[in-house]
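A.B. asks: Residues or ranges marked as domain 'DUF112' in TrEMBL: A:17-437. According to TrEMBL, the transmembrane segment annotation covers A:12-36, A:42-70, A:106-132, A:144-160, A:167-185, A:197-217, A:313-334, A:354-373, A:394-421, A:468-490.
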Amino acid sequence: MSTMEAAFGLILHWNVLATIMAAALFGLFVGAIPGLTATMAIALLVPVTFFMDPVPAVGAMVACSAMAIFAGDIPGTLLRIPGTPASAAYTNEAFRMTQKGEAERALGANLLFSAVGGLFGTLVLMFTAPWLAEIALKFSSFEYFWMALLGLTCAAFIGASAPVKGLISLLIGLFVATIGLNNPAGVPRFAFGNANLMGGIDFISAMIGLFAVSEVLRTVAGGARQAPMVQASIGNLFRGWGRLLKTYWRQQLRGNILGTAIGVLPGSGADIAAWVSYAISRRFSKTPEKFGTGHLEGIVESTSANNSSLAGAWVPALVFGIPGDSITAVVIGVLYVKGLNPGPTLFLTDPQTIYAVFLIFILANLIMIPFGWGTIKLAKQILRVPSKMLMPIILAFCIVGAFATNNTVFNVSVMLVFGVLGFVMEENEIPIAPCILGIVLGPMLEQNFVTSMIKADGSFLGFFERPIAASLGVVTLLIWSWSLASYLLARQRSPHAADVQAAGRGPTKP
Amino acid sequence: MRFNDAVLGAVLLAFSITIGLWARSFPAIPGQEYGAAVFPTLVAVALGGCALLLILSGLRQGGGVLLFEGWARAPGGYVRILCTIALVIFYILAAKPLGFIPTMTVVLLFTLRMLKTGWLPAIAVALATAIVLQWSFGNFLQVPLPWGILSAWRF
């Protein structure tokens, strides 16, 4: 129990609590503004967390991401524009409810089930992470190699419109990770003799470029969006919460479980959790014909799923140092900066910090209810903030943030290069998330691959000699062959279907 | 700025060949078979494979080199993107001699005007943002943002 007391001691400081509150408000604002994603909120927040102690830094990121994912539902419901990609799955449904005059019912359900989903994911995190850490202590380079490869595989193949493009994004990320001196042999690679490049590409600057600058470029290219007017009036949010919990307990539980599981799966996050849950809700519904007409059932299930996946994503991040989604990819980077190297030993050396993170998760999901209520009440004002003013300010934050990572203007160049790269990638439907996971996991993958090759004396069979390594390897290879087979099958069945689909899709994301 | 998949594939193929060849020049560790070149070579081979697949699908798809959709139909979008990139480069070059506040004000003012914010709000937002950032990051978080020509008035 003393660990728990120490954990409480770590978070019960006015500055820790104030940081969490401020990050929560920031997350709510960014999440509620269409076009600004939860990952972008985190990318903009990270430079500020450099100057904090580990616990408030991590707490700020937990609170910010949970709030941003919830707040994405607000413009989705009121304007039919998802605030973050994680809300896109049920935006139409929620907007139909607004058209029927049920905006407060939809938003109230979003708030309630987001908070409950977050708490469920946290419970899973609290109970599985320490248990998995004990298993992970016995892992050798073979297991870590397969874990990393499995994570990257999922990132590349799940949720990408075309698996080849997901793979390309991933490989670009892996290449970026090889730049510099940071490799098992200590040889300078792809550095052009440049001292800054020798140190490797700064991951935070790359991230700010990929997720924030690319969005600024997209806005600049298309011209600023007009701030739309919210027409709906919002009544009492809390009405009928008890009945909601009773009516939809099954959907909620299923959404929570599925969301957490998808979160735990390395490389897939809140947006995929929401899409899958919505589809499953429809599939098992007694009234599937009501879906799409402003029916609450699917919203409950998917809004539960996207928030519960956030905590789930922390399981592989804390236990193995393998990010569950792009948000935890940043978190891992920050943990390294703070000297809290993620991995099973963290549970032995610093259990109080881990428990403090758990407590912050609970706190963040509890304050979501009053804070979320306030944000919904202020939604009309927040959504009126014009993007023609917001985007230049975000660009300024990006520049300062990239500079602050290392206090060199070189990182601003890194940010710019990755901003352009991210913009071109998204325009061509190459997803960004696998790239960022490649950059984070690249060094770990290479280190464990080379070590394992040396240990196994170059025999690939050595990778399958230990039981856990063998199972992980088989799962990875199964996903590879399954993706390849379904790709070939789809192509054989309709040789032009994929192309038609690709041509019909718009160049910009919702 | 949507390219034909074949174009993307060709660029990526050239890139993967470059990194593959470059990786061959990395020194080997004596007595060790797996050195610095192994991993980049694997990445290059995989990327080259994906690039070939893209080229194939792009050729089957046909059509022009560049697809003109959405903002890409008008030339203004390209100009605005290039201007934004130029502004960040301007910041990189000018921040140290000019100082953070003047440089950032210029960057913000241009971007705000480009997105059609009125002159008065643009000037107000640009100045206020630059000063608040200098104050918050410079003093509060101790990021050494350069003062440049305003060194005499630092706060």
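Yeah, the Cβs are placed from backbone N, Cα and C, and that goes for glycine too.
All TrEMBL annotations are machine predictions without curation.
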A.B. asks: Among A:197-217, A:354-373, A:468-490, which stretch has the most Cβ pairs under 8 Å to the transmembrane segment (A:12-36)?
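C.D. replies: Out of the listed stretches, A:354-373 contacts the transmembrane segment (A:12-36) most.
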A.B. asks: For the transmembrane segment (A:394-421) and the transmembrane segment (A:106-132), does the number of C-beta pairs under 8 Å, pairs 6 or more apart in sequence, reach 3 or more?
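C.D. replies: Contact criterion not met.
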A.B. asks: Can we call the transmembrane segment (A:197-217) and the transmembrane segment (A:354-373) in contact, meaning three or more C-beta pairs below 8 angstroms at a sequence separation of 6+?
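C.D. replies: Contact criterion not met.
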A.B. asks: Quick one: do the transmembrane segment (A:468-490) and the transmembrane segment (A:42-70) have at least 3 Cβ pairs under 8 Å, skipping pairs fewer than 6 apart in sequence?
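C.D. replies: Touching, no - the transmembrane segment (A:468-490) and the transmembrane segment (A:42-70) miss the threshold of 3 or more Cβ pairs under 8 Å.
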A.B. asks: Do at least three CB pairs under 8 A connect the transmembrane segment (A:313-334) and the transmembrane segment (A:144-160), leaving out pairs fewer than 6 apart in sequence?
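C.D. replies: Contact between the transmembrane segment (A:144-160) and the transmembrane segment (A:313-334): present.
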A.B. asks: Please indicate, using numbers and ranges, the residues of the same chain that are 6 or more beyond the transmembrane segment (A:313-334) and have a C-beta under 8 Å from a C-beta there.
C.D. replies: 38-39, 42-43, 46, 49, 57-58, 61, 65, 124-125, 128-129, 132-133, 136, 139, 144, 147-148, 151, 203-204, 207, 211, 263-270, 341-344, 346-347, 354, 357, 361, 432-433, 436-437, 440-441, 444
A.B. asks: For the transmembrane segment (A:354-373), what are the same-chain contacts with Cβ under 8 Å, counting residues 6+ beyond its ends?
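C.D. replies: Those are 3-4, 6-8, 10-11, 20-21, 24-25, 28, 55, 58-59, 62-63, 66-67, 70-71, 111-112, 114-115, 118-119, 121-122, 125-126, 129-130, 237-238, 307, 311, 314, 318, 346-347, in sequence order.
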